[in-house]
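So that we are looking at the same thing, I have put the structure below in structure tokens.
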Amino acid sequence: MEQNTNNNPTTLSGIQNGVRNGAEYIASLQDGRSVWIDGERIDDVTTDPRFCGAVQSIADLYDIQCNPANEEKMTFISPTSGKRVGRSFMLPRNADDLRLRREMMKTWMDAVGGMMGRTPDFLNVMVSAHASAYELFSVGGEQFGENILNYYEYIRDNDLALTHSLVSPDIDKRLPMYEQPGDMVMRVVRETDEGIYVSGARSVATLGPLANEVLIMPAAAKFPLVEDAEDFAVGFACPLDIPGLKMICRPSFPTKGGFANDPLSSRMDEMDAVLWFEEAFIPWERVFIYRDIKAVQSVIKSPSGPHGSHQSGTRSLAKMEFLLGIAYNLVEINHSRFPNVMVQLSELVAFVETLRALIRVSEVDCIKGPGDTVVPYEQPLNVIRAQYPAMHARALEILQFLGAGNVVVAPSVEDLNSENGTEIKRYCAGADIPAERKMQMLRLAWDASCSSFAGRQNLYEKFFSGDPWRNAQMRGERYPGAREAQDRVWAFLDRNAEWDEKINGK
Ligand SMILES: Cc1cc2nc3c(=O)[nH]c(=O)nc-3n(C[C@H](O)[C@H](O)[C@H](O)COP(=O)(O)OP(=O)(O)OC[C@H]3O[C@@H](n4cnc5c(N)ncnc54)[C@H](O)[C@@H]3O)c2cc1C
């Protein structure tokens with residue numbers, strides 16, 4: 001196993017530190033990775049203006065984790081290295097562990113206002129869940145179970161940031177993934193004693209250019225159970241700087257003036273990329289599923305889904321609280337506490353409190369997982385996944401109603417400091433605060449509800465955990481409470497029919 005080389009050797013409690021700080025994270029991205037955007041290859045994502053704001057936001061999270069005052073909240077002791085490692089890697093043994101893990105994740109999510117979906121805790125939680133269920137991987141051969149377990153320990157003890165890609169691009173939706181034209185879907189192209197070679201595309205990898213490694217897993221839920229698909233039945237992880245891997249990014253969000261003008265676009269663009277593999281080499285020890293449909297079907301049973309939803313539910317709560325905070329501030333700066341405005345705020349309150357309750361129920365009602373772990377109760381988290389896109393869209397609409405013309409005329413810092421500044425400061429002043437302060441809030445409200453950043457957030461909430469219609473179909477098909485509810489209805493009919501017979505003789 002590679003050694004952690006972080007510069008923070010001890011923590012307050014005197015235990016060796018195994019977590020990275022922000023500077024170490026930033027340095028880890030300066031590895032010659034092949035990142036493409038706007039038709040050009042980027043030399044260094046940590047300095048390029050289209051990426052560096054988000055890099056700094058993730059670096060800040062690592063610094064929060066390293067702060068000695070946060071030691072107990074953000075870390076736990078690695079059972080293998082004996083060092084303090086990130087708490088999102090913890091394998092929860094009871095409901096209280098889930099609470100502790102959520103409090104750690106909430107700390108990170110509050111720092112970014114819930115505006116980044118793929119902060120490293122997301123995949124830390126998912127890979128930990130896979131490792132807890134390593135035997136499911138062993139269906140394809142014992143070594144694959146060992147590989148996922150070793151990989152989990154490796155990323156935990158080296159505090160790496162991961163992205164993942166679970167879907168392939170498709171050209172013709174009438175055809176299954178393995179028959180898509182153009183040989184462009186990622187697949188295994190050959191193997192050697194040392195490892196495998198893969199070629200083709202995977203999408204979408206959010207955070208790709210800002211992560212250390214990528215986890216590739218088959219799109220299990222709709223994976224066709226046919227032999228022809230075996231080249232596509234592959235799961236592995238690799239660093240993002242390996243030869244033969246390039247990341248092709250969407251355009252970044254337009255921001256000329258940095259944080260003051262575009263507080264979210266400039267700092268929270270976690271970026272989405274397509275991964276293009278060209279004969280990329282993956283050593284055997286990083287392969288978790290290999291040309292094996294049965295293994296794919298086995299790994300579907302891993303509890304990574306509910307654990308991942310525990311993280312994304314926590315993020316949803318942090319984000320809704322952040323949006324609620326903006327909304328109340330918009331009302332306060334204008335003194336617009338009118339009844340219709342309060343009704344809209346009460347909708348946001350209902351969203352926040354519903355999310356909080358659902359997350360808590362998932363922890364308190366956790367179920368037994370693999371080994372001696374627990375898994376959050378999935379149903380309340382499924383409700384978040386189902387309902388959050390609509391809650392989020394409505395929250396943005398409420399911000400638009402509250403912000404109205406104010407957000408659209410909110411000037412830039414350059415305007416405020418220009419020769420028109422005196423006039424602007426007069427007509428943009430808040431009821432109790434100067435124009436400069438009010439403008440900060442209005443620019444934030446604009447970026448959260450109206451900008452292209454906000455549009456992408458809305459899209460993300462709809463699709464980040466897969467096709468919402470297929471997910472809803474599965475939730476309907478598999479709801480475990482259905483049988484009991486149905487039987488109760490039959491019992492009600494039978495009981496009252498008996499009574500009817502006794503009283504009325506029919
Ligand atoms: C902003 C963003 C970030 C993302 N980040 C990640 C990430 O980090 N990692 C990752 O793995 N994935 C990520 N995703 C991808 C996500 O998993 C997919 O978007 C999702 O699974 C849907 O697949 P698709 O985009 O190919 O949509 P499509 O499959 O093209 O679906 C488009 C529409 O067509 C409908 N449709 C498609 N096929 C059928 C069919 N056979 N029958 C009926 N209706 C159909 C769908 O319901 C949907 O409405 C991200 C997506 C977005 C938008």
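Heads up, the Cβ atoms here are built off N, Cα and C, so glycines get one too.
Whatever TrEMBL says is automated annotation, not expert-curated.
Computed from a predicted structure; not experimentally measured.
Annotation source TrEMBL lists domain 'HpaB/PvcC/4-BUDH N-terminal' at 22-289. According to TrEMBL, the FAD binding site annotation covers H164, S165, L166, T206, D467, P468, W469, R470. The annotation domain 'HpaB/PvcC/4-BUDH C-terminal' is assigned in TrEMBL to 302-493.
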Should H164 (FAD binding site) be counted as helix, strand, or coil on the basis of DSSP?
strand
Could you tell me which of these binding-site residues, H164, R470, has the fewest other Cβ atoms within 10 Å of its Cβ?
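R470, out of the binding-site residues H164, R470, has the fewest neighbouring Cβ atoms within 10 Å.
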Can you work out the mean pLDDT of the predicted model over the domain 'HpaB/PvcC/4-BUDH N-terminal' (22-289)?
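Mean pLDDT, the domain 'HpaB/PvcC/4-BUDH N-terminal' (22-289): 95.
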Identify, in sequence order, the residues in the chain of S165 (FAD binding site) that are 6 or more apart from it along the sequence and have a CB within less than 8 Å of its CB; answer 'none' if there are none.
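The list for S165 (FAD binding site) reads R202, S203, V204, A205, G208, V214, L215, I216, L275, given in order along the sequence.
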Under 8 Å between C-beta atoms and at least six apart in sequence, can you list the same-chain neighbours of T206 (FAD binding site), or say none if there are none?
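Long-range Cβ contacts: G117, R118, T163, E270, M271, D272, A273, Y460, F464.
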In whole Å, could you give the widest CA to CA gap in the FAD site formed by H164, S165, L166, T206, D467, P468, W469, R470?
21
Give the three-state DSSP assignment (helix, strand or coil) for P468 (FAD binding site).
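Its secondary structure by DSSP: helix.
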What are the sequence-distant neighbours of W469 (FAD binding site), meaning same chain, six or more residues apart, C-beta distance under 8 angstroms?
none
Within 10 Å of the Cβ of L166 (FAD binding site), how many other Cβ atoms can be counted across all chains shown?
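Its Cβ shell of radius 10 Å holds 18 other Cβ atoms.
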